[in-house]
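Not my notes, these are from Swiss-Prot:
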| type | residues | note |
| --- | --- | --- |
| REPEAT | 1-96 | repeat 'Lumazine-binding 1' |
| BINDING | Gly4, Ile5, Ile6, Ser144, Leu145, Thr146, Ser158, Leu159, Ile160, Pro161, His162, Thr163 | 2,4-dihydroxypteridine 1 binding site |
| BINDING | Cys47, Leu48, Thr49, Asp61, Val62, Met63, Pro64, Glu65, Thr66, Gly100, His101, Val102, Lys135 | 2,4-dihydroxypteridine 2 binding site |
| REPEAT | 97-193 | repeat 'Lumazine-binding 2' |
Amino acid sequence: MFTGIIEETGTIESMKKAGHAMALTIKCSKILEDVHLGDSIAVNGICLTVTDFTKNQFTVDVMPETVKATSLNDLTKGSKVNLERAMAANGRFGGHFVSGHVDGTAEITRIEEKSNAVYYDLKMDPSLTKTLVLKGSITVDGVSLTIFGLTEDTVTISLIPHTISETIFSEKTIGSKVNIECDMIGKYMYRFLHKANENKTQQTITKAFLSENGF
């Protein structure tokens, strides 16, 4: 479990592909202070497991399904990535509940600076936006953010200069792809209500069918 508060940015040191899977080695410093084999680290919002580490870098393995569902294929040696360690039970909770299980990707279609904030439009599949609400939470490349605009296929977010400077958003341009994790509470609520409506419809159809057939 993560919070969406980025601890530092790291640099891709190497990418080794094996078929559709890959191993990433990432150079960093702060998050290695108490790292152990098997620890979970969110890399651009993707929960990955540490398989090896030294004093200034760590390695994670990435399954084919994860590669396919995320923007990892867009990374190259030298790319910057957002990093966050799994939340400690006694730590502060500054963002929102983030699982590190990416739901899909989005494309940045607008970047506009207004006063002390920068607004980004993120175009994504409508299957993602249906679980979202205005002023609700969304995770973008591992960063916990608030939704300021919402249509069927576009989400608008806003970042202050501090967040931009402390994350890889400083390198984003129009056309950049980002990882999206929808708020898990919203997903559970949508699933619950959707199933409830399905059951209600099925029950109504069953009663009507029986009545029409003399039962």
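Backbone N, Cα and C atoms are what each Cβ position is placed from, and that goes for glycine too.
Give me the structural setting of these features: burial, nearby parts and distances.
In this structure, Ser158 (2,4-dihydroxypteridine 1 binding site) is part of a beta strand by DSSP.
In the three-state DSSP scheme, Pro64 (2,4-dihydroxypteridine 2 binding site) is classed as helix.
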If you measure Pro64 (2,4-dihydroxypteridine 2 binding site) to Gly4 (2,4-dihydroxypteridine 1 binding site) at Cα, how many Å is it?
24
Looking only at Cβ atoms, how many others are within 10 Å of the one on Ser158 (2,4-dihydroxypteridine 1 binding site)?
17
Under 8 Å Cβ-Cβ from Leu145 (2,4-dihydroxypteridine 1 binding site), six or more apart in the same chain: what's there?
Gly4, Ser137, Ile138, Thr139, Ile157, Ser158, Leu159
